[in-house]
Amino acid sequence: YLVSPAAYAALGAYMFLLILVGFPVNFLTLYVTLDHKKLRTPLNYILLNLAVADLFMVLGGFTTTMYTSMHGYFVLGRLGCNLEGFFATLGGEIALWSLVVLAIERWIVVCKPISNFRFTEDHAIMGLAFSWVMALTCAVPPLVGWSRYIPEGMQCSCGVDYYTRAEGFNTESFVLYMFTVHFLIPLSVIFFCYGRLLCAVKEAAAAQQESETTQRAEKEVSRMVVLMVIGFLVCWLPYASVAWWIFCNQGSEFGPIFMTLPAFFAKTSAIYNPLIYICMNKQFRHCMI
């Protein structure tokens, strides 16, 4: 054991709690949306994509971590580490790029930079495909030799190698690529879209250009998506910051808990998206009841 057995027991219990909550709420989101035709709107396709991403994390990552924490180390070998790291990375990246698509959709619908544009089913499918392609370009390279997945923190889960300069894996270039293309760029797009969105909402309210009902509906959707972005930042920013610090300070001493806490805090992202969606979408709640 790298730390006390009680810490591994607490970790296992935490993962069990995430599975207990994460699987039902994400499955419920999928089931209710697919079962009710009026919920099958283009925007909801992207929200469904978030639920699928969260289920990847729950089934492919959380179950593995709970099992390994019961043993005190990663018992599933190289293949298990690759699978767990891949599913956790894929789920997190699909969620991030889905939020990018949602931000762009909100910007185009509310700010109207393209006149007479309507977000259709085809646009939603293109957005889904884009989020998957971008997520795969982040999750697949460590499986084929550009960087690698290794056990991290308390050695019960696997992630991208930020820790070493292992020969033959080009870990440095991959970390720089990942932080630039799969973290800074998407966040910049999200912040740009919501910056413009807030300005447009204020201007529309001042000019009373649209009916009060339309304005209220757009505001509710925008508020829901903004909350999802804030939730993503709260969950993933500590992990990204610690990973970057470790990458920039290789050779420095730090305990296993240092990386474990932000890594497992990030995993709560599989719960907050469906809960925000369920709590803030009246139509969904009516269909669910």
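In case you wondered, yes, glycine gets a Cβ from its N, Cα and C as well.
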Disulfide-linked residue for Cys158, taking Swiss-Prot as the record, within Cys81, Cys111, Cys199: Cys81
Residue pair Pro5, Phe117: same membrane side in Swiss-Prot: no
Outside the transmembrane segment (82-104), six or more residues from its ends: residues with CB under 8 Å to it: 43, 46-47, 49-50, 52-57, 59-61, 64-65, 76, 127-128, 130-132, 134-136, 138-140, 142-143, 149-150, 157-160, 182-183, 186, 189-190, 193-194, 225, 228-229, 232, 236, 266-267, 269-270, 273
Close in space, distant in sequence - Cys81 (disulfide bond), Cβ under 8 Å, 6 or more apart: Phe74, Tyr149, Ile150, Pro151, Cys158
Proximity of the transmembrane segment (45-67) to the transmembrane segment (258-279), 3+ C-beta pairs under 8 angstroms: yes
Confidence summary for the topological domain 'Cytoplasmic' (33-44), mean pLDDT rounded: 85
Outside the topological domain 'Extracellular' (68-81), six or more residues from its ends: residues with CB under 8 Å to it: 1-2, 5, 8-9, 11-12, 15, 149-151, 154-158
Same-chain residues at least 6 apart in sequence whose Cβ lies under 8 Å from Lys267 (N6-(retinylidene)lysine): Met15, Leu18, Met57, Gly61, Phe62, Ala88, Cys235
